[in-house]
Structures are given as C-alpha cells and as structure tokens.
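Chemist: Just dropping this structure here.
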Amino acid sequence: MFQLTGVLDDCFCDVESIDIFNNFKIYPRIKKLTERDYFRYYKVNLKRPCPFWADDGHCAIKDCHVEPCPEVKLTDSIIQTNLFVLDLIWDFTLLKEAFADWARHDDAQDHFCELDDETSPDAEYVDLLLNPERFTGYKGPSAWRVWNSIYEENCFKPRSVYRPLNPLVPSRGMLCLIPFLSLCLEKRVFYRLISGLHSSINIHLCADYLLDEGWSRSVWGPNIQEFRRRFDTAETKGEGIRRLKNLYFLYLIELRALYKVAPYFERAFINLYTGNAQEDGDTKNLLLQIFNELRAFPMHFDEKSMFAGHKLEAKTLKEEFRLHFKNISRIMDCVGCSKCRLWGKLQTQGLGTALKILFSEKEIKNLPEHSPSKGFQLTRQEIVALLNGFCRLSTSIHQLHNFRLLLKDSR
C-alpha cells in the first residue's frame, strides 16, 4: 500500500525513530495529560462570522453540533483564571495590576493566530472529551472551499504550480516537486506545516469515521477505504507518502517547541490551576514527565536554520510567515461544521503557539526564576491548545500504526 520509511526532508530524523519514540514514550502520557481537568476545557467562540465570504450556513448534521459546557459545572477557579496559568500567592489587587501591566506589554507581533475574545458573550467553554474530533459527515464544496483558500491564497508555493480545488486530488507529481525544492527553507517549512496539519486531521477522520447512523446510536470506527483514498500511493499518484511525511515533520516542529518552552513551566511558582491542589500537582508532574522524555529524544529539529539570513530580509520573511498563518487561523471561522471548526481552531492555535515559542527563544532564556515575565507569557487558552494540538499529532502517528495492521490483515 505504502512504504512510509526513511529520513524526512529538511531535518535529520527518520520515520521509524519517531514511531518508536511517540508510540511508546509520548502517546500514553500526552493522552493521559489531556484528560486532566486543566486541559479538557477549552474556551472558544464558535459563532464568529466568516470574514472572507458569505456564510454558507452551519452544518445541519446532528454530529456536527458541539455541546458547550455550562459554566455552572466548571469550578469557579477555572472561570476566574481563564486567561492565565499562574497561581500566584499575592495580594489580589497587586495580581490584578500585574495582569493589566502584562496586557500592556504583550506584543501583538508575537501572535500567530487570530485570538478569540474570551470576554465575548459568544465564547463558551467546551469539554473536549465530550466533543471528540471525528468524521461527522461534513464534506463537499464548503469543506473544499476552506482548504482551497488555505492552500491557494495563504500557503507559500511556486506560482506556476496549480493545486486543484479538492486538496485530495493529487497534484501533478514530480512537476511540482522540482519548483517546490527551489523555495527557501522557511517557505518550504510553512507549506509542510499546513500539509502536515491537513494530513493529521484526515487521519483522525478516517480513524473515527461515521460507519452507520442508526435510530438509537451512531457507530464509529476506522474506515480503511477512506484512508486508502487519501493516502494510498496508487490512489494519490505518490502524494500520499509526502502528505504523511509532512505530518511527521509537523510533529517534530511542535515537539521542538515543547522542548524549548519547558523552562517556562518548570519554574516552581507556575501552577496549572484548577482550584484542586492535588489535581493541579498531579497534572504538573505529568507535564514535567513529558518534558523529561523530550530531552531524551536525540533528533530535534534545528529551528536556528530558519530566518538566519540577512537581518532585514529575515525580518520581512518572518512577518510574512506570521501574517500568512494568522490569516489561516481566521479561515477556520469559515468551517461550516461546528465540531470541525472547534478542532480546527484549537489545532491551528496550538501550532501558532508552537511558532510563537520557537520565535521567542531569547525571551524564554531570560525568564526570571521567581516572578512573572513581561517579555514572554502564555495564556491558559494557548497552553490548552498547544498540548491538545500536540496530542492530536501524537494520536495521528499512533493511529497510523493501527492502520498498517488493518491494511495488512485486509490483504
């Protein structure tokens, strides 16, 4: 069916090493972490209108619907501290002044995503465990329009390369590979990040597919035929392998970001606060265990190779990189399926947070050990998106192993 092996482009890591590391070391821990109270609740505005074209209307399929979490069910501490992760034993007045001070110093240039307004009456808490990412039946022109806009208008790519409206239709093979390699590293990386995110989402949909919609309950499970259609070498004229390798590349990028941001969370006063001291301590210990595993991984992506040229050119390219990605985060408001929009926004914000981390190396190195930093901070929403987004990538790689077994049994 496909031979997904070997070294990835633009880095020195191979597929087999990532499989072993992820499936045995990371996946069990990150899955457990995202089931903790701190990480299962995500505040999001799913009612923002599409800013780019007339709204197609929301999907009427019942499985597209998102069940919000009534705030009365949340602990007061989650609601009262939804913007920041810090549990500081300070006078409340000083803490309130500190928050205002941080907001004044928060550089808008650091944001790679269009951030939701958490004070908006339309922003609601969603229990991610009760709204899993899966194939709901949402497809067709509305879905293609979103991905077409992402690839055609917001991805760096050679202008001579035509990508059809339906991203699942293979491009023109090696004709697009040669000019693609002529792109600079930064633009290749951007395209591969978006392609990797698309591949990861497609794997989730194939792994948790709506197989039967009965009167009493729906049946979900892996759909081998759908997986073949999206990734089989013959079905995609060789594009499937490239798409999957881009998933692994994205995994390395977000893994590197977690490795880089570890010092931020390792400071003693940082607490993943929910109001339950035992729960909070256990959650942080689990996160620190994951950081320890990341340190043992020998083949990290070297982000220093990016934006390493002439200062003015590198600054311009970095800004272009940021604006393209921020635009993609806005396109997620055009997704018609509410559940798909939820997970699209979360995973896009997770990747945007990873990029923010990778481009904030100096600020992270200069973090004060015993007090908050004005130069770098993460909101609760960014932290939840970062870890859940990485969990989605980890899950995709784990699911690839399951599909290999299913394909082998189906021969």
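Cβ atoms here come from the backbone N, Cα and C positions, even for glycine.
Just so you know, TrEMBL annotations never went through curation; they're auto-generated.
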Chemist: If you have TrEMBL open, could you say which of Cys334, Cys340 makes the disulfide with Cys337?
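Modeler: That record, TrEMBL, gives the partner as Cys340.
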Chemist: To which of the binding-site residues Arg134, Arg230 does the lowest count of other Cβ atoms within 10 Å belong?
Modeler: Arg134
Chemist: Quick one: of Cys64, Arg134, Ser195, which recorded positions lie within 10 angstroms of Cys337 (disulfide bond), measuring between C-alpha atoms? Sequence order, please.
Modeler: Cys64
Chemist: Sorry to bug you, but what's the C-alpha spacing from Cys64 (disulfide bond) to Trp147 (FAD binding site), rounded to the closest Å?
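Modeler: Per the Cα atoms, Trp147 (FAD binding site) and Cys64 (disulfide bond) stand 18 Å apart.
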Chemist: Determine the minimum-neighbour residue: among Cys64, Cys337, Cys340, listed as disulfide-bonded residues, which Cβ has the fewest other Cβ atoms within 10 angstroms?
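Modeler: Among the disulfide-bonded residues Cys64, Cys337, Cys340, the lowest count of other Cβ atoms within 10 Å belongs to Cys64.
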